[in-house]
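Before any comments, here is the structure.
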């Protein structure tokens, strides 16, 4: 913390923030803390506040526990900003405002007023919120609502003023003076609570607002567009801060059912301790990075690399790529991955494809009144009694006779109902009275029950009506959808194309699996594993073989992959070895945009993701680590979701379930994806996750029979291991 009179410059530390969730249900693990986790995302977003999360905690609705945490974070941790979420309503246990009033030394009523005014323009129920904002020492404390939607909107309302407020509390004289000088230069004051001037040093926070909604309130297009009426005199959230771009998938962030109060940090950022959130796209995505554009002719013409391999002594001793959190890496992959174009296919080839058009029924189903059961078509008005049988109606035939009073017609399931009949009586509710001498015909039957009109008859169009949309655009087709296409007679459909994936392994030490081992050599397993993983999901593949650790060979192999495939996957050559040239070839020769080159995760630290735009067509490049386990884990984490998005699947994220640990598991400083086998015990709702043993990234045996990845949070001072029986999140990677 700055002392009295200290001048802070633009190079001083970031805003240190604590997020405190006040909720009995979240504290007891009966509910997920979606609002608290979402606030952490917003705080850390560089396009918004750009702060760091220095503390995060969940407490019950108890005044003393709330006060104790607030005082500790203000006086001991010396945070700049504390955001509380929850406990601000009218319920008997909503006591957050009372606890806050006992802690603060000065109130900040303007911020509470801004939140109330903004909330009232969203819903009249905003008047039921009782937020308190105030200052203790040099810490600003703000009470936000407990819902994810409400807390995010209120954060948006006060966001434009937060940086300047914190600068004032930190005695950041330089920044404070800059803002004051710019305010003095304005010709007239802005309307109340309008955004600061466009020349404000915090303009990026004005231009990037947040508008999120709960999952149940999301719009069908999965983007939440707030309507802004420029003619209105009311103060709205949009008038205070503009909405940032919609995320790729509008979904809430999940959290592990445990309170991870202390977050571990990397040299460049603070990854979330909650494991599940690593694979949930946050509501506020990172800014889009424009890929470099190249000409296909120029790219494919180059056969000699410009990478200088002679100056070995001048190679990097430390990676030039910053550590990227799993959250940010996953979001970046989905943001930069395009959805491919469409093609027309025969419906029989539609398994696993995604419809690019709505499919409508050409005919009614059934096209005639059809019997639901085997029995007799009757006139309901006749009631019970003996009836003459005038013939039969079978499936596939149209009866020509009309049922008159005192008559019935024998029918089979699915057969057309004859004229004159308006009900079906099942055979079990009848007795045969008379038959032909040879027993080949039924002549008279006794109806034992009173039938009602329409009984056991499917009317015309009962199942499907002509013109009805039977399959919507975006449907991921399986066996039932193929059958439905056949039912309605649609034999050709428009679908998104499948991405073509080219795979190669790199390394001078590699041999093909069929080769005999030579000194210093090993057989290449990565290529076989990656090809099988991609093929298991149904995507066409190209085998580019083994490529030596030579820039020219790498360039030529990449050029071949670029010319033939939509996605190129490499393994090896991305770490810090003197022969690891792949990233240099991508950058120097191909002019690809490398979006990240290191990910804060285990295994898979050197995972690299790049894009290359050639004549308006985007190529996706995944440069995966060379260790076998790292390659297959990162393929499941990054490559498979990207391929699913390319083929048009609306939610490409992997399936994540809850499971119980079968043994104690030690935590690593990095978020870890621990291989496991999921099994269900008799009458237990949750599966058990059994570790596959030694998790060394070179040990492919740890993937044997594995159908899940334990999503383990990073180690903290409070939590160094998880114990047998604890519930964890598991990403499904195989058949259950």
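Note: Cβ is positioned from N, Cα and C throughout, glycine not excepted.
Checking 198, 205 against Swiss-Prot, you find phosphothreonine recorded for 198. For the residues 133, 212, the entry in Swiss-Prot flags S-palmitoyl cysteine at a single position: 212. Residue-level annotations in Swiss-Prot identify, among 194, 319, 194 as phosphoserine. Long-range Cβ proximity for residue 305 (phosphoserine), meaning a same-chain Cβ under 8 A and a gap of 6 or more residues, is found for 551, 552, 554, 555, 581, 585, 588, 589.
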